[in-house]
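Here it is: the structure, laid out below.
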Amino acid sequence: MNQVIEENEQEAWWFIVSQGKLVALDKGELIPFGSINDLPFPEGATVNKRLLGEYNGASCYLVELDDFLDVGLGDYVTLRSLLGRVPDLLFDMSGRALQIALFYKTHQFCGQCGQKMQEIDWEIAMKCYHCQHRAYPRVSPCIIVAIRKHKQILLALHKRHQQSNYPVYTTLAGFTEAGESLEACIEREVFEEVGIKVKNIQYVSSQPWPFPHSLMMGFTADYASGEVCADTHELVEANWYDADNLPIMPKHGTIARKLIEKTLKRCR
Ligand SMILES: [Zn+2]
């Protein structure tokens with residue numbers, strides 16, 4: 001028993017990142033797992049590992065490499081390509097790895113005085129010892145809301161989805177502004193995008209959305225007043241849909257789909 005634990009302690013998940021992509025295997029859980037000695041890093045490569053957290057009882061490490069250095073394990077892939085192909089928590093950890101790698105890359109110099117920043121070793125932060133300014137990885141709060149009117153749900157086709165192979169009709173979403181509560185953000189975004197007022201705003205759950213560093217905070221709400229009029233800067237169209245006559249929906253595993261399913265249950 002002890003031996004198994006010892007062996008497990010040495011094995012870890014490896015998030016090998018270069019220029020915004022990460023190494024994925026073409027089998028199993030896709031993220032490389034094993035002891036560092038099993039990883040065929042080329043001789044001379046500087047392997048600087050940073051602890052990200054734990055998954056399934058094993059440590060998760062970030063390794064940043066230059067120029068898509070071939071580690072002989074698999075190709076460098078985009079995070080988006082892992083969506084729905086790895087377990088949710090492993091996907092979130094992959095997002096964390098890429099966000100932290102991006103954070104270190106973009107915080108080499110102090111935003112206040114321009115001096116070189118130094119890594120702090122007890123938390124994930126960069127500090128300027130010249131002016132004491134400290135920076136942390138950016139997380140951008142973003143609301144996402146499914147709206148119900150009696151037995152119908154409001155779904156919109158976003159301009160960014162129009163040209164894709166999978167033109168989904170989905171919920172409304174938007175970034176929280178400085179000084180704004182989540183509730184005020186929902187009221188503002190919904191009014192700006194479709195011209196209606198909502199009520200009964202209820203929090204459901206959240207999902208890190210690392211493209212590049214959003215935190216989606218999911219809500220449901222009910223229609224209160226107004227006529228739907230889609231803002232053509234962001235939307236192609238927005239309409240009320242019956243539960244038995246729906247357009248193309250977001251994929252399972254996304255918070256948008258979860259909010260839609262929850263709202264459809266209330267519609268029926
Ligand atoms: Zn400074």
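Each Cβ is built from the backbone N, Cα and C atoms, and glycine gets one as well.
Predicted, not measured: the structure shown is a model, and the values here were computed from it.
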Figure out which of E123, E227 sits with R80, Y136, Q207, P208, W209, P210, F211, P212, H213, S214, A256 in the substrate site per TrEMBL.
E123
Kindly point out which candidate in E177, E234, E237, E261 is recorded by TrEMBL as part of the divalent metal cation 3 site with E189, E193.
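According to TrEMBL, the candidate sharing the divalent metal cation 3 site with E189, E193 is E234.
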Looking at divalent metal cation 1 binding as recorded in TrEMBL, which candidate out of A135, A146, A173 goes with E193, E234?
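Looking at A135, A146, A173, the one TrEMBL places in the divalent metal cation 1 site next to E193, E234 is A173.
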Based on Cα distances to P210 (substrate binding site), point out the closest of the binding-site residues C110, C113, C131, A173, E193.
A173
Around the Cβ of S214 (substrate binding site), how many other Cβ atoms lie within 10 Å? Please give the count over every shown protein chain.
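There are 19 such Cβ atoms around S214 (substrate binding site).
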Between 0 and 100, where does the mean pLDDT of the domain 'Nudix hydrolase' (137-263) sit?
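Averaged over the domain 'Nudix hydrolase' (137-263), the predicted model reaches a pLDDT of 95.
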Listed binding-site residues: C113, A173, E189. Which have a CB under 6 angstroms from an atom of ligand 1?
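Near ligand 1, sequence order: C113.
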Using the recorded Zn(2+) site (C110, C113, C128, C131) as reference, state which further residues of the same chain have their Cβ within 8 Å of the centre of those residues' Cβ atoms, listed in sequence order.
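These residues sit around the Zn(2+) site: G111, Q112, G114, Q115, M117, H130, Q132, H133.
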Across all the protein chains here, work out how many other Cβ atoms are within 10 Å of the Cβ of A173 (divalent metal cation 1 binding site).
23
